[in-house]
Amino acid sequence: MEVQSLVGVLHKKAPFFNKTPSIAVHGDECWRKSASLRMPSQPAEIIMVERRHFISSIPRSVSCKATSTKGPSIETPIVSGKNDVLKALSQIIDPDFGTDIVSCGFVKDLELNEISGEVSFRLELTTPACPIKDMFEQQANEVVAALPWVKKVNVTMSAQPAKPIFMDEMPKGLKAVSNIIAVSSCKGGVGKSTVAVNLAYTLAGMGARVGIFDADVYGPSLPTMVSPENRLLQMIPETKSIMPTEYLGVKLVSFGFTGQGRAIMRGPMVSGIINQLLTTTEWGELDYLVIDMPPGTGDIQLTLCQIVPLTAAVIVTTPQKLAFIDVAKGVRMFSKLKVPCVAVVENMCHFDADGKRYYPFGKGSGSQVVQQFGIPYLFELPIRPDLSASGDSGNPEVVGEPQGDVAKIFSDLGVCVVQQCAKLRQQVSTAVTYDKKIRVIRVKVPVSEEEFLLHPATVRRNDRSAQSVDEWTGEQKLQYTDVSEDIEPESIRPMGNYAVSITWPDGFSQVAPYDQLQQLERLVDIPIPIPQKDMQNDVLNGASQSQAQGKPSTDKTRTAAEAILEHAKELKEMK
């Protein structure tokens, strides 16, 4: 179909949906009307309009691409109307991000119809479990309908979960998992598995895609607390990957579903099993993967924190002082591993009888955790026989009694987890990369614009592992001269939320915590690398000038890497 150029007249000061003639004139009528569209009382401007694939059946709501031959550009009615709608929607503030939904990028597919006054758009949220999605939909309808020219508003809701922060470094089976939540207590018997399972099914009830990973190999609880039809995990022979089982739409993986019962094995073997079950499972697209952590702060917990970057942790405790002591150890472990604890659940805190509330295990353990470690939210679960019985029957309490008091508490916990995960994902993680051009390690610190440079040899010499430092005496085993000045890392990859793993040419894998990298001696005045052609020209020019003057060539031929090494030596001599 031919491209036709039309000449039309735009009435510059006309309101958005008035009856004055506009550019939307169809067919050959435009040629006849172009001379008679001037309004005697209002100035107008002749503009050229290029319309591709023009046919008479195009509705007036289709916008045209206009270019003016003089003066400032004119805003078409459609563009003006869209701006009005976006301005109205910018009044809606996301309470989690503290920013309007337009700036957050939630508004998609905005369409207007000039004739009918109909407005259609889509709100794309970051999670299908957004607790305020109904409020967003209602407010969007109200603010857009308040515009004087709008007759009808069509709002659709959708969700596009954020990609994992370290997606490129994640194991294949976890690449499509957006958030990984650890439920931990560091002490057995406090109801951690009960909280993990009910939290997972609460998130699923909010519309999220959820999975549960039972990380307790010695005493798996998941096979008792849920009742899937298929109680054995299946392996795909071609890919050697594990297919999770399902119950009520939630994906499940547990050592208890392998047909092996409870494990009797040493720690390193257990860590290997945990790694295999978690990373080789085909989880598919999940909004939340809830990990039921085993008790303690040993190898298994560290393995889990190193295999994947945990988004957040939920801490479970009881009112007893003994429980608080163990829970405090777990909170400190997560703090060192840079896993934020977003909520505390105090289980079995009280029961009601004869019109009174009784606290059989005392008070204050949960509050003490919140106050001492600055965890923002505390949720109290009462002693309820139904809650215990639902775990034994294989039907979670929030599924059996979705309107009960316990389900309301878990609903509040689910809202808290969703909101806190959304906030945490907005924070930029520490980025550590190697710049081959100038042979430096670049470190960008989160929650700041700071970026600094480290010499690779400095990072290697400051390794604090048992291979470099004697664990008993503190004696330095790795000597300064053992590390070459021109050493380069072979690879750098994130290790959980707290460190990077750096592989060196000698095969040594160094764990470098972010906190340690910030304390190392930094490079300054790094020369900007010269492009190869310019460097060759400088070398030739410098050589010819030197030969003409009878002098040897100057250090213009020195590479950027040599300049860095010289700078590092100067820093060493200054000590």
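Backbone N, Cα and C define each Cβ position, glycine as well.
Copied over from TrEMBL, here are the features:
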type	residues	note
DOMAIN	82-155	domain 'MIP18 family-like'
DOMAIN	450-510	domain 'Gamma-butyrobetaine hydroxylase-like N-terminal'
REGION	534-559	region 'Disordered'
COMPBIAS	538-552	compositional bias 'Polar residues'
The domain 'Gamma-butyrobetaine hydroxylase-like N-terminal' (450-510) - residue tally per DSSP class, helix then strand then coil: 9 helix, 18 strand, 34 coil
Segment-level pLDDT (mean, integer) for the domain 'Gamma-butyrobetaine hydroxylase-like N-terminal' (450-510): 87
Secondary structure composition of the domain 'MIP18 family-like' (82-155) [DSSP: H/G/I, E/B, coil]: 21 helix, 23 strand, 30 coil
